[in-house]
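Contents: one structure, followed by commentary.
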Amino acid sequence: MKTVPTLSFSKLGCSRGGRQLFQNIDCVLESGHWLYVAGANGVGKTSLLRMVCGLAPIESGEIFWNGTPIHAQADAYRQDLCYLGHLNALQESMTVHENLAFTAALGGMAPDMAQTQSVLAHFGVAGRDRQLVRHLSQGQKRRVALSRLALSQARLWVLDEPFVAMDEAGVRMLADLIAAHLTQGGLAVLTSHQQVDIGAIPAQLLELRA
């Protein structure tokens, strides 16, 4: 049985080019909650998210997943994390199905064809699974990226400006997807320049200041 997931920061700090972006950040995020990382451009929001994803070194302090430093459980932590940014991060030379299967493999899962077809239909890209991503429109690519998020079994979602260039229907679709993830006991960390409404689930605010 899996433990109830918890993400925490202890005295977390980051600098860039000799300039301190943030320091002494303490935070605890528990199952069913989401963290809204706010702040002006250049204060380190993306740097913080990259540290949470393990893509940037932790300069000071520590990030814990279920009470253990993330660097001490890198493989297991990676399987429990799914990232979505303003870019879709899809392999253009692969089919939609291959992209989704690759993501499933990273999470230690085998792709479920019936579930994949159902999710693609839900996001309005049914019948596109054998199509090369390069032949999709930008809107279709974004919906494939959302499908990948929906199919993920990861308990921690890290979302960097996920609503950029999305129409109203897409924004609502993603917000509902995040809300469902939280209701099922997941966690989310996100940053956005747009107003974010995740249903009845209030944000836990972390505001970074220059």
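Note that Cβ sites are derived from N, Cα and C of the backbone, with glycine treated the same way.
Some features that Swiss-Prot has for this protein:
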- G39, A40, N41, G42, V43, G44, K45, T46: ATP binding site (BINDING)
- 4-208: domain 'ABC transporter' (DOMAIN)
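Features per Swiss-Prot, on structure.
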{"residue": "G39", "record": "ATP binding site", "Cβ neighbours (10 Å)": "17"}
{"residue": "A40", "record": "ATP binding site", "Cβ neighbours (10 Å)": "10"}
{"residue": "N41", "record": "ATP binding site", "Cβ neighbours (10 Å)": "8"}
{"residue": "G42", "record": "ATP binding site", "Cβ neighbours (10 Å)": "13"}
{"residue": "V43", "record": "ATP binding site", "Cβ neighbours (10 Å)": "18"}
{"residue": "G44", "record": "ATP binding site", "Cβ neighbours (10 Å)": "24"}
{"residue": "K45", "record": "ATP binding site", "Cβ neighbours (10 Å)": "24"}
{"residue": "T46", "record": "ATP binding site", "Cβ neighbours (10 Å)": "16"}
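When secondary structure is read from DSSP and collapsed to three states, K45 (ATP binding site) falls in the helix class.
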